[in-house]
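K.L.:
Take a look at the following structure, please.
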Amino acid sequence: MADGFSLFSDRSTVAMRVNGELRDLASEVTDRDAVEPVTIDSPDGLNILRHSAAHVLAQAVQQVNPDAKLGIGPPIADGFYYDFDVAENFTPEDLKGLQKAMDRIIRQGQRFIRRVVTDDEARAELAEEPYKLELIGLKSGSMGDDNESVEVGGAELTIYDNVDPKTGETVWKDLCRGPHLPNTRMIGNGWSLTRVAAAYWRGSEKNPQLQRIYGTAWPTKDEMRAHQTRLEEAAKRDHRRLGQELDLFSFPEEIGSGLAVFHPKGGIVRRQMEDYSRRRHEESGYDFVYSPHISKSNLFMTSGHLQWYADAMYPPMSLDEERDAAGNVTKQGADYYLKPMNCPFHNLIYRATSRSYRDLPLRLFEFGSVYRYEKSGTIHGLTRVRGMTQDDAHIYTTRDLMKAELTSTLQFVLDLLRDYGLSDFYLELSTRDESEKFVGSDELWDEATNTLREVAEASQLELVPDPGGAAFYGPKISVQARDAIGRTWQMSTIQLDFNLPERFDLEYTAPDGTRQRPVMIHRALFGSIERFFAVLTEHYAGAFPVWLAPVQVVGIPVAEDYVDYLADVVDQLQTYGVRAEVDRSDDRMQKKIRNHTKAKVPFQLIVGEEDRNAGAVSFRFRDGTQLNGVPVADAVARIRESIRSHEQVVTSWAD
RNA sequence: GCCGCUUUAGCUCAGUCGGCAGAGCGUUUCACUCGUAAUGAAAAGGUCGUGGGUUCGAUUCCCACAAGCGGCUCCA
């Protein structure tokens, strides 16, 4: 028999894995056990560090406010949180006091001592902690999620005592699965409380709201600083900030929450995105259609949207009703709704004529503007809005052709995303679960789900299951893309739908003359153009590849004398459709360089006496590198090539 | 929708313990004509988010609403 302290003298070892299970260093093991050290900088070690920091936070809160009731306190990415039920909400100032109290606890070096208890013992000890009691009650049943299992997820119920090393007195305790650091001192100084927020108990809107305090914790202070620097870098890429700085778009308060206007520069980026997409769709056998922004209610009854999503639709405009003097209706009115989806309209286009199997697959594409009354607290920049334009297509096909169509659609989607500069993907397969909200027979769901799975697996991309994530009418594959700083965004979705063809009674005539039901595939590539715009803005940090850049080339004369020469170069570029201009302002040259560098223009062409004499221009790139004395014809050709190839240009071309 | 915070010039932000507000950048004008990230000077620019209340007096205190931010919930 031995414990982890005698096995691992290395101070960076904070816990151990015994026969695959995480355990405290204080646990006893025998030489028949397989024991591995868990170091503080490993994923498990970081979780343990952060979880222990959460305990210290809870202890500090109860020191300051003994009436605070404990929720849960798990580790999360980069840190931890702990939920509390308190009479008075925390203020940002409270964090400072709590931070000090935590610091004292950490410097005391309190030991975390694990103790196994029975359910009844735990109930007696935690009689004052109603939320913990609820978790004990849940232990035998099914647990909600991983965060809760941090408290009671183990085979046995355990309480961790925080023991003052000088007096041996237990100063605090918490129901917890563990493991923990050996003592609080090992939390060190690489941590900080970050913010307060409200959170529903056990994640349900129906439950009371608790006060949540978030913190971040790292093995060293330097690593925490590095984390903070990463956050600052991410903030610089924030599309809302860049949208303001680069004059791309805005959300005027007068229009309403979640409704954007695109400024001329943002308009150029957006139109390039759309035009390229349009061209690729044309080449790939899509038919372009258009549909209005509003419709009478019947259409959304047929589609089921009013039954399922009325809450998230703008309320109706009631029109045309007439009444006589007595108030009796003399003319029946109608309710019109702003459309939340394009599919009902496309179904009507499908149904407008009788269809043969020879027409299939029929691919209807539209940049369709939709309006959804998103809950006020969910709106976020361009990524979550109330008015947006989807690059929406609905493909009608036979069951036989379904798989081939899904395969080619997925390929099309991935190819197109790559053309916009995203290249690191994985797939998510969203399926139904036991919930009531899903419509359709088990057989249909099985067939649809299996088909999607086969298609996804054939793509060779990583496939992550998402049980319960399907739409009510069918399963879907979603393409997740990682951006330049490793964040993932849900991009395209491909959904199979056996339900809407049924509801709209869609048919085609098969080769044998019978009437058959087509299968419908919903797919959006960008999701919404607004959202994709935001993703690309953040991915490129506002420095778009040349083909998307609002201004591609700006000419900077060293002195006014060279304006005419530069204007001639810019004219040549404009002839080829290049977005080029000459900066004729009376700023000094250095100031112009600064302005256009901040505006992230890919090419600055600088011309003075030397260049003019040589019939050349001097390139200055976004990172400050230069390529001097390039003959004008070469410069024009290289710029055009960079646009054609969708190349990103940040630094000088290597010759 | 819920909890908390925020809203002052075009932008970023100071400020007023209740007595009609300030900076930098930007804009306009003038001078300067310059070889790789800020030339100098002057001027214009604000119903202190909107509406109500308290007060002799409100940008400041209180209430409601709107918009934004951070979370939670939600996302066809």
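Placed from the backbone N, Cα and C atoms, the Cβ positions cover glycine too.
For reference, TrEMBL lists these features for the protein:
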| type | residues | note |
| --- | --- | --- |
| DOMAIN | A:238-545 | domain 'Aminoacyl-transfer RNA synthetases class-II family profile' |
| BINDING | A:CYS343, A:HIS394, A:HIS522 | Zn(2+) binding site |
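What does the local environment look like for each feature on the list?
P.N.:
For the domain 'Aminoacyl-transfer RNA synthetases class-II family profile' (A:238-545), the model's pLDDT averages out at 94.
There are 25 other CB atoms within 10 A of the CB of A:HIS394 (Zn(2+) binding site), with all protein chains counted. DSSP assigns A:HIS394 (Zn(2+) binding site) to a strand.
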K.L.:
Secondary structure at A:CYS343 (Zn(2+) binding site) (DSSP, helix/strand/coil)?
P.N.:
helix
K.L.:
Non-local Cβ contacts of A:CYS343 (Zn(2+) binding site) (under 8 Å, 6 or more apart, same chain)?
P.N.:
A:SER303, A:ASP392, A:HIS394, A:ASP497, A:LEU500, A:MET520, A:HIS522
